[in-house]
Amino acid sequence: MNKKQIIDRLDTIAMYLEIKGENSFKVAAYHRAGLALENDPRSMAGIQNLSEIKGIGRSTAQVIEELMSSGESTVLKKLEQEIPSSLLELLSLPGLGGKKIGKLYRELAVTDRASLQEACDQGKISQLAGFGKKTEEHLLELLKQRQHRPEILPIPYMLEVAEQIARVLQSIEAVNRFSHAGSLRRAKEKMKDLDFVVETTDPEKVAEELLARLQIHQVVGRGDAKMTIQLDDPNHVSVDFRFATTETYASMLLHFTGSKEHNVLLRRLAKERDEKISEYGVEREDGTTRVFQSETEFYRYFGLNFIPPQAREGKDELELAKKGPLNLVCPSDIKGDLHMHSTWSDGSHTIEEMAEAMRKKGYQYACLTDHSRSLRVANGLSVERLSQQIRKVAEINEMYDDFTLFAGIEMDILPDGSLDYPDDILSQLDFVIASIHSSFTQDQKQIMKRLENACRNPYVRLIAHPTGRMLGKRHGYAVDVDKLIAIAAETGTALELNASRHRLDLSSKWLKKVQDAGVKISIDTDSHSLKMLDDMELGVQTAVRGGIRPKTVINTLPLNELKQFFKQKKPV
DNA sequence: GCCGTTTTCGGCCCGACTGTTTTCAGTCG
């Protein structure tokens, strides 16, 4: 049984327990155990001692071990006998939780959508204590909506939606400032909804304007402090708006950025000093509430250094923040972008336009890396065109004294493992990236042979988008990432953190391992247009999620040091 | 069920909103 299946089983157990009316902390414990597994980059086989993982204790470890060895779970089986499995799907209906479903089951023998429908039709729901006419109507409405909206949506999709909302918020006069919060601000790859914290003196007005200007499917809830809507887009994305004042803005942003776990830990810190954190600030023993200008000030109040949103996940970063600055990479560390395309291959802008945009961004340098000759669909460069391009890059460099454009290539690693240009061509380039763009479905052995061959070439400095995944679209090829990291370490090859919102590859969960192995990473946008340059920020956020320090990242090097790095021979 | 540089027992974040209620439970994040 693979990891994903095990996590699913743990969640299923949690859902059964919820309907059974078990202690909510017990329910949460099973969810947390699943989450802990998910956040651990190791495969099931690579995990020696389960209960060493935070969040997995004796009982959950036992369940997991049983699932691994037999594919079954005694705990789960017992629950399946007690409670009809068809009840689980009712949990996905908003407004129905474990307690209500349990009651419907015990008192009205509701077991699935059909019997729930029947109970509604017969008016039995509204007769039940704690239920009423409105609940019955609400349920009928939910049951009518056949199509389920996806529970979890990928970041590229959600970023687009968030950017649209941001434009609307920007145009509303009553809005002083705003920020996205929640999972998106923490740069999670998948999320359930969008959160915005909005500073205003007139929440009523802002809510009205939002309702007028956004395409709304449904207003889920609306009060003085918050509004929840579902957008009228194909996925009915759910969006929370929280209204803050100037005084509460920082606390509210912190609170709604989470993670939940991070908030719990902060509140625990506060509790030790007899203080209480809420989204409005810190309530002290004497009953007064302390408010903050910024999140930095908030952290400082508790003796902590600032923790960037993307690092707010667990306990480790909190401990580190007690001791000193976290020293994680930040946007201003990035001195250039080493992976981009021009109209010479499949980019939409000329080399000049790309270079100028990079320079305007404040970069010291950039590297042009069009596609190589075998990638015909992308108009890959023949040897001759590549030579022309190298000359072109030299010309462009003469235009600038404050910016350097390097000549590079994104070279295909061919299906048989050979490389798309011979070494004497590669030796003419400043920077060679190698990547896979074909035969994605090869088995792991062959994929690894290709990647290893590329790493062992003396001119290949970077493997781009190492797993080839596209978020929300495809999983990527069969890479043994652990092995790739080992090979990269041995050969002195860097691995990319492709910052494109569609890729984020390698993902944050692998990055720590890369850093620990002493392998360098390069955070690149792989831009095919000017707009895509802005994904660098997302790339840096992803690096922060992975705990990456500036020194690990090639393109934090100042120009001269980068030049030296390019000149260094690989140990292969 | 998990966890512990005070704790192996007793906590476990806390508030908004809704719908059901005359003061609160359930759900959600």
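Using N, Cα and C of the backbone, Cβ positions are placed for all residues, glycine too.
TrEMBL annotations: computationally assigned, not manually curated.
The domain 'DNA-directed DNA polymerase X' annotation in TrEMBL covers A:1-313.
Per TrEMBL, the feature domain 'Helix-hairpin-helix DNA-binding motif class 1' maps to A:48-67 (among others). Note on the domain 'Helix-hairpin-helix DNA-binding motif class 1' (A:48-67): DSSP counts are 13 helix, 0 strand, 7 coil.
Positions annotated as domain 'Helix-hairpin-helix DNA-binding motif class 1' by TrEMBL: A:88-107 (among others). Within the chain, the domain 'Helix-hairpin-helix DNA-binding motif class 1' (A:88-107) has long-range Cβ neighbours (under 8 A, six or more residues past its boundaries) at 12, 15-21, 27, 113, 116, 119, 125, 128, 130-131, 135, 138-139, 142, 148, 151, 220.
What TrEMBL records for A:123-142 (among others) is domain 'Helix-hairpin-helix DNA-binding motif class 1'. DSSP places the residues of the domain 'Helix-hairpin-helix DNA-binding motif class 1' (A:123-142) in helix, strand and coil in these numbers: 13 helix, 0 strand, 7 coil.
If you look up TrEMBL, you'll see A:336-415 marked as domain 'Polymerase/histidinol phosphatase N-terminal'.
Under DSSP, residues within the domain 'Helix-hairpin-helix DNA-binding motif class 1' (A:88-107) fall into helix, strand and coil as 15 helix, 0 strand, 5 coil.
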